[in-house]
């Protein structure tokens, strides 16, 4: 078997030894692709984070912690975020922020940001956690070829990890997935039939727990909707970056209603019809053509009446008086 390449493009290739399981009693080598994290929108932690591609489907934060501990020792790994978890968090945040989306855009356009203290941020995180529905899985599975971002202690740790990956190819001693002796398996929920049975039970959560989550979400949504209306009202008369003020129809507290819009449309149609009628006799040739058409109509009606009268006379015949 040909040796695996050390790098592919800007990725370093990390071979991982996956121990056998009862369903597949063979040792398998999985290839993980690692590079420095360079997102489109830079953050403050990019210098001490790594981007991982093709993570195993059963990956957890504990698996990655044990993997990096086998490469550079304990204490270097800080946290990990997976692609599917980030997308789920973004979807939940979009649902919770649906009401004040317009106000957020207005604030961004004006370059103003609301200052939140640590206590307010913690309270908001608690509210969002209470508004989420309970999970129906004890342990998530990743899609094939998923990605993750690993945050390390410092920038030096990133350099040490990339250097350790290069040494793995020379020594041919691949790190074991789950740690030596698979110690991670003792700390994470098991997969297989036990995992599916737990999912079957969690699919029917307690009714009070569901109702509490729905109530928390409704309360949070209503509060943020009121905040959005207040922010939009406050920013209505403030000029934008070009110095223009947005003019809106309706009252000060809300835009024009649907009934007002329908009435305005009706008035516009009536105005167009009236203007069309006024333009009918605007030119002299239009007046001549209209009078000519009226005269022809009168002549036609006169001929029709004369024919009717002649027909009636013929039907009655000649009248002969008595002597």
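Just so you know, glycine gets a Cβ as well, placed from its N, Cα and C.
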Range annotated as region 'Disordered' in TrEMBL, from 110-131, 132-153, 154-175, 176-197:
110-131
Where TrEMBL places coiled coil among the ranges 200-257, 258-315:
258-315
Using DSSP, what's the helix, strand and coil tally for the compositional bias 'Basic and acidic residues' (116-130)?
13 helix, 0 strand, 2 coil
Compute the average pLDDT of the predicted model within the domain 'Rrp7 RRM-like N-terminal' (10-179).
81
